[in-house]
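Student: Take a look at what TrEMBL says about it:
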DOMAIN    13-157  domain 'PTS EIIA type-2'
COMPBIAS  277-296  compositional bias 'Basic and acidic residues'
REGION    277-319  region 'Disordered'
DOMAIN    335-706  domain 'PTS EIIC type-2'
TRANSMEM  343-363  transmembrane segment
TRANSMEM  408-437  transmembrane segment
TRANSMEM  449-479  transmembrane segment
TRANSMEM  491-513  transmembrane segment
TRANSMEM  534-555  transmembrane segment
TRANSMEM  575-598  transmembrane segment
TRANSMEM  610-631  transmembrane segment
TRANSMEM  637-655  transmembrane segment
TRANSMEM  676-696  transmembrane segment
Amino acid sequence: MSSSADFSAIASDLADESTVFLDLDVGPQKEKILNYLIAKAVGTGRATDSDGIVAAALKREEKAPTGLPGGIAIPHCRHEDWSTPTLMFARLTSATEFTTPDGPADLLFFIGVPASNSDVHVDILAALAKALRDKGFRAALRGAESDEEAARIISEHITKAPRRKAKKPPAKTNIVAITACPTGIAHTYLAAEALTGAAESMADVTLTVETQGSAGTQEAPAEAIDRADVLVIAADIGVTGLKRFSDKPQVKVPIRKAVNEPTAVIEQAKAVAEQSRVRAYDRKAPQPKDDHDKETASQTGNAGADPTSERVRATTKVGARKSSLSGDKAFGHWVRDAIMTGVSYMVPFVAASGLLIALGFLVGGHQVGLVADAVTRDLRLPEVIGLDAPIAVPTENLGTVLVDRSGLWLYLGSALFAIGNHGMQVIVAVMSAYIAFGMAGRAGIAPGFIGGAIAVTVGAGFLGGLVTGILAGLVVALLLRMKVPDWLRPLMPVVVIPMLGAMAVGLTMYLLLGMPLAWLMTALQQWLQSLDTTAAFLFGGLLGAMMCVDMGGMINKAAYLFAVANIASEDPASWKIMAAVMAAGMVPPLATSLAVVLRPKLFSSAERQNGKAGWVLGAAFISEGVIPFAAADPLRVIPSIVIGGAVTGGTSMALGAATRVPHGGIFVLFAIDNPVAWLAAIVLGSIVAAILVVAAKSLCPRQVSTDNQNLEADISADA
């Protein structure tokens, strides 16, 4: 960083009449404005060519817009085509693409510095930040009557801005992060990208991210783990492979925090790493010899443990889970995370099974569900391959069913349907098994699976699966804490715990809970069947609104879990829930993308780029595509998309759209019953939400205080 004397010399030549443009109006486009300014700089010898500088400045704007509270925009870049450090100023007369949190910018400062002068670049940003905190400076520029007057005001304030002292570069913190979410699709990778982007802007951090998603685990390299100072776990489910991080300090955060506040997560990790270094130093210090010394040590921190972090224990096994019975986690959070773990393992079963059933109908005809068992059990492909449609198939309960398919297509369709149906029959047991796994580790899988199978047998459905999973997890967690003789310990995980856990869960279901839970499931199914159009619209609207409130948060997950669990039902009325929930979850990114098309000037350039990607994300049922819009402007975006989601969910359910496929959006359209109504519901809700977003941004501009005390930090972060 340059000294005060050096910077004073530079500051005196940063701005003059040739770099000031009052009441400029060359059009709203950023590129036109920058082209105009830099062409002037080339004309006065401050730069050698404009094209490269314009491209660099626009690239910087795409990365993160430089609009600040108070109607101020500060585009800036370093480039070899700058001949000398330059500060250009334009007072804009009309709205342009340079926007700020409280409306279009009217004061634009453009900082240009030769590529090799990074310290000067930061110094100019810091000096300008200090000057802009002075309301008189901003008012004087808005009231300046000549270019000469404006140049003098800028030079005086920039030159007298107090200089920062050079700081010793901090030691690098090596971080490894693990990201995982219940479905393993969107948040897992959004969090990884957000953390990586935040770390790239920090000179004192190196970050390696391991994603444990639906596409498999992209493991962190062993060398990155060895040098890691801290482990960040950004997950709403249990993560695997913690044995590799033996004795590393760790930070645990919900995955949404990593998506929305990646910088805060990394700062928290840096603090924990520093505290760990201090404790390591303290452990090397001479130990207290008497009670007085111990008391003194505890007061100075040498004997205390940091309450904000914990370490990965050296005995942690791959795939093991911590029990809240040890006091590490609140019971409610423990159970919630376990349920999300169960859902994450269940979703692939549901998705594969639902798609196979849909393919079975597509290949074998609409009657394949009636004859699939008989065809796959009693017939063989060589026996039917030469038969022409229609084919009479004898069944046990329905007599002879006439199917309008030839032998080959009937057999293939029946086989696909049967495979999918077998998968559907185990999804409750799988969910129960992995809820127990989330609570008690591998030992909980067998009792949980058996309990889930019993829940299906007694008619308790997904409610029974939730109960048996939680019950199995609790029982096994208690059994794991039992002290047993050494000779019995090898038998505990493979014989004793599975047997006792399954017995406890099974007897509880058969003797106590099975009948009440079955009654509840029957009542729920009868209620769904009895819904008239109005009631169906209201219920679907509620689920649709829940899908859009927090985009991957707990309310969203609750609605999605309810929908996925109902897929296991044999009642088609229950499948309408999944169609309504998936349709509503597609609305947020589609609506914001449509809003960008309708009124692009209301959005920053980065938001316009996100809007282009939102079409694909929304079509694929990845609701998280709206997060950049909602995070930047929650009060105007979230209510709008909630209303749009409610309209879509209600319309889909009222019109009778249904599916047994939990994910995929329009790419599984062939698996949707009444697809035209389903698409119409999505289009209607997206239009409603987009219009509301545009109206809210147009009629209710966001108010942000111009007296921003953190302005210097905001600008310096853009360096």
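Note that Cβ sites are derived from N, Cα and C of the backbone, with glycine treated the same way.
Annotations in TrEMBL come from automatic prediction, not curation.
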Student: Could you give the number of helix, strand and coil residues in the domain 'PTS EIIA type-2' (13-157) as assigned by DSSP?
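Tutor: Each residue of the domain 'PTS EIIA type-2' (13-157) counted once, the result is 65 helix, 32 strand, 48 coil.
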Student: Hey, which bits of the same chain come close to the transmembrane segment (637-655), Cβ under 8 Å, at least six residues off its ends?
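Tutor: For the transmembrane segment (637-655), the nonlocal Cβ contacts are 531, 533-534, 536-545, 547-549, 576-577, 579-581, 583-588, 591-592, 626, 629-630, 674, 677-678, 680-682, 684-690, 692-693, 696.
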Student: Within the domain 'PTS EIIC type-2' (335-706) only, compute the mean pLDDT.
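Tutor: The answer is 86, the mean pLDDT of the model over that range.
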